[in-house]
Amino acid sequence: MNRLLKTVIENNRKWISEGKVASYIPELSKMDKNLLGISVCTLGGEEYWEGDAEVKFTIQSISKIVTLMLAIIDNGEDYVFSKVGMEPTETAFNSIVNLEAKESHKPINPMINAGAIVVASMVAGKDSDEKFDRILKFTRKISGNNNIDINLNVYTSEKETGHRNRALAYFMKSTGALKGDVEEILDVYFKQCSIEITCKDLARIGVMLANDGVSPYTGDRIVPRYVARIVKTIMVTCGMYDASGNFAVHIGIPAKSGVGGGIVACAPRRMGIGVLGTALDEKGNSIAGTKILEELSKQLDLSIF
């Protein structure tokens, strides 16, 4: 497996030159464009990694699957999906278009920024600090890493420059789609996106989902089976933003990307995969990371379709 991982990294390193690091969050623009790593965890609890698999980076939009799991556990799926849809979108992850066009003004799915902001508002807690504390502890639990923490520099950078997210949130507040104190909800959202992880952490989250919510290391149930099923399904349809259809055709496994360059993926009942490739394509997905997953999926016949 390690030889295969080394091969897929080297075969796809060339794609880095065609991407660029996220620039709209100043702190992310400082990232090394050439970082590339992968980690794989099997259902038997074996771990393999190559490249920059132990380099820390911020979770960004991958946190959306974390808060979605927590919100469903806290509120039940019927309530959560009465506030946010579950349909794919052809518009960008930070677009306001669908919020204006839809009669209900409900965000179209939980993987776009507007939807994730609504989901963050549904995480239980008396204030933003308690909500985020629960999100951080849950991230540590599902990854099996109690050392995971927030990158305060990225959090500050996001909070100071998150004007589009503020616009989305205040628009939803004006239509009644978002309940609660907007700045408190945004604070939770900016913090959750600034959690720092590695490829290894992502692979462990992926293998928990691949194992229907059960840790292959301890045998303990981490999340209810139905929650894991919902999240994996939404990862397939919406997890790679408006490139989700293309990803499903060419790679064919549940995955979620973030503009920090990470991708978490899972091959149900086989393995979890974490990838880091900081150079992004025009959709906001890791360009080399996506190509690595495509080659790995073909080599190991991972597609669920």
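Cβ coordinates come from backbone N, Cα and C, glycine included.
Residues or ranges marked as substrate binding site by Swiss-Prot on the basis of sequence analysis: Ser61, Asn113, Glu158, Asn165, Tyr189, Tyr241, Val259.
The substrate site in the record is lined by Ser61, Asn113, Glu158, Asn165, Tyr189, Tyr241, Val259, and its two most distant CA atoms lie 20 Å apart. Secondary structure at Asn165 (substrate binding site), as computed by DSSP, is helix. In the three-state DSSP assignment, the secondary structure recorded for Tyr241 (substrate binding site) is helix.
For Val259 (substrate binding site), the Cβ neighbour count at a 10 Å cut-off comes to 24, with all displayed protein chains included.
The Cβ of Tyr241 (substrate binding site) has 24 other Cβ atoms within 10 Å, all protein chains considered. Following the DSSP three-state reduction, the secondary structure of Tyr189 (substrate binding site) is helix. Mapped onto three states, the DSSP output places Val259 (substrate binding site) in coil.
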